[in-house]
Amino acid sequence: MAEELFKTLQNAKECHSLLKKHLTKERFDKLKGLKTKFGGTLADCIRSGCKNPDSGVGIYASDPDAYTVFAEVLDAVIMDYHKIDKVHHPIPDFGDVNNLNIGDLDPSGNMIVSTRVRVGRSHDSFGFPPVLKKDDRIKMEQVSVEALKSLDGELAGSYFPLANMSADVQKQLTEDHFLFNDSDRFLKAASGYDDWPIGRGIYFSENKTFLCWVNEEDHLRLISMQKGGNLGEVYKRLVSAINKMEKKLNFAKKDNMGYLTFCPSNLGTTMRASVHIKIPKLSQRSDFKSICDKYNLQARGIHGEHTESVCGVYDISNKRRMGLTEYEAVTEMMRGVNEIIREETNST
């Protein structure tokens with residue numbers, strides 16, 4: 001299987017993925033027969049990237065142990081993607097939540113439509129989608145939901161499994177853009193949708209400012225969000241949820257990598273802090289992308305990666321996930337968004 005996949009990759013002349021760049025014949029021969037303690041193989045890691053030659057990264061981790069067993073290729077991809085000289089990540093640090101110096105980025109309410117911060121988390125005792133069986137997913141859902149149901153205060157809420165979700169709830173959550181689906185072909189090829197929709201679901205707080213996706217791409221995606229630009233409130237809520245969940249669950253992490261995720265692009269802080277912001281003038285300027293790059297920001301359409309902007313509204317987020325702390329990541333995003341607002345205001 002691995003041999004066939006590697007041959008397909010080598011023959012894909014239009015493929016420019018990081019997998020193709022870094023999985024040399026020498027590395028392939030060295031790694032192809034190895035197995036992780038979860039039973040993961042090199043074939044499990046590279047299947048999606050070989051079947052989808054237009055992949056950007058092209059490699060997933062079959063499980064937390066893959067980052068050790070297949071380090072020779074994964075480390076090379078990680079350094080290239082995260083633009084770092086060596087695989088290194090600091091100890092997690094969310095800052096002093098009582099003294100963050102992060103507030104409302106848009107007090108006027110004229111530009112920022114909404115603010116969202118999310119992290120991914122993986123159970124350390126379960127593999128990632130390529131090695132998971134149906135029973136694993138069900139068990140993981142059970143322990144995740146048990147922890148979620150212990151949340152209190154503004155984080156208290158309800159869990160809705162996808163497997164027996166009513167049409168009304170499904171319609172409402174889709175309209176709210178809260179629901180995830182099984183339409184990503186890269187994830188599909190990586191076994192991300194095996195046994196769909198069993199073992200998957202969504203938890204949200206009563207006022208829907210805190211959500212958790214269970215067994216979407218990662219085991220857990222913790223999401224804090226609200227209308228307007230108060231990044232401080234959104235971030236503080238997320239940190240509170242993370243701290244409470246960490247008391248109940250053991251998450252996969254590695255000293256030099258931070259928190260482990262299915263895709264190596266999300267490693268480290270796993271944090272994506274974003275705003276939906278109206279920038280009709282700045283977005284038309286030829287230097288828009290270079291301004292984003294200067295402040296380590298990523299701009300994309302409001303419906304996710306590879307989508308277009310609607311009415312000059314863009315999703316602006318931090319680009320760097322690895323090699324910096326959570327607090328550094330969110331403050332870097334804050335400084336960048338402040339500059340974006342300044343540039344938009346000064347554009348004619």
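A Cβ is built for glycine as well, from the same backbone N, Cα and C atoms used for every other residue.
Features as listed in Swiss-Prot:
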DOMAIN    1-83  domain 'Phosphagen kinase N-terminal'
BINDING   Gly56, Val57, Gly58, Ile59, Tyr60, Glu217, Cys263, Glu305  substrate binding site
DOMAIN    111-347  domain 'Phosphagen kinase C-terminal'
BINDING   114-118, His177, Arg221, 272-276, 300-305  ATP binding site
Completion exercise
In all the protein chains shown, the tally of other Cβ atoms within 10 Å of the Cβ of Ile59 (substrate binding site) is 31
Exercise for the section: May I ask which of the binding-site residues Ser114, Arg221, Ser274, Arg300 is closest to Gly56 (substrate binding site) if we compare their C-alpha atoms? Expected result: Arg300
Completion exercise
The answer, for which of the binding-site residues Gly56, Gly58 has its Cβ ringed by the most other Cβ atoms inside 10 Å, is Gly58
Exercise for the section: Helix, strand, coil: count each for the residues of the domain 'Phosphagen kinase N-terminal' (1-83), based on DSSP. Expected result: 48 helix, 2 strand, 33 coil
Completion exercise
On the domain 'Phosphagen kinase N-terminal' (1-83), the mean of the pLDDT values is 97
Problem - In the chain carrying Val57 (substrate binding site), residues 6 or more apart in sequence that have Cβ under 8 angstroms from it - result: Ser17, Leu18, Leu19, Gly49, Val77, Tyr81, Cys263, Pro264, Ser265
Practice task
Fewest other Cβ atoms within 10 Å: which of the binding-site residues Ser114, Ser274 wins that one? Let me know.
Solution key: Ser114
Completion exercise
Row Tyr60 (substrate binding site), column other C-beta within 10 angstroms, all chains, value 32
Completion exercise
Cα of Ile59 (substrate binding site) to Cα of Arg221 (ATP binding site), in Å and rounded, measures 20
Practice task
Quick one: among the binding-site residues Arg221, Arg300, which has the most Cβ atoms sitting within 10 Å of its own Cβ?
Solution key: Arg221
Completion exercise
Ranked by how many other Cβ atoms lie within 10 Å of their Cβ, the binding-site residues Val117, Cys263 are led by Val117
Completion exercise
argmin Cα dist to Ser274 (ATP binding site) over the binding-site residues Gly58, Tyr60, Glu217 returns Glu217
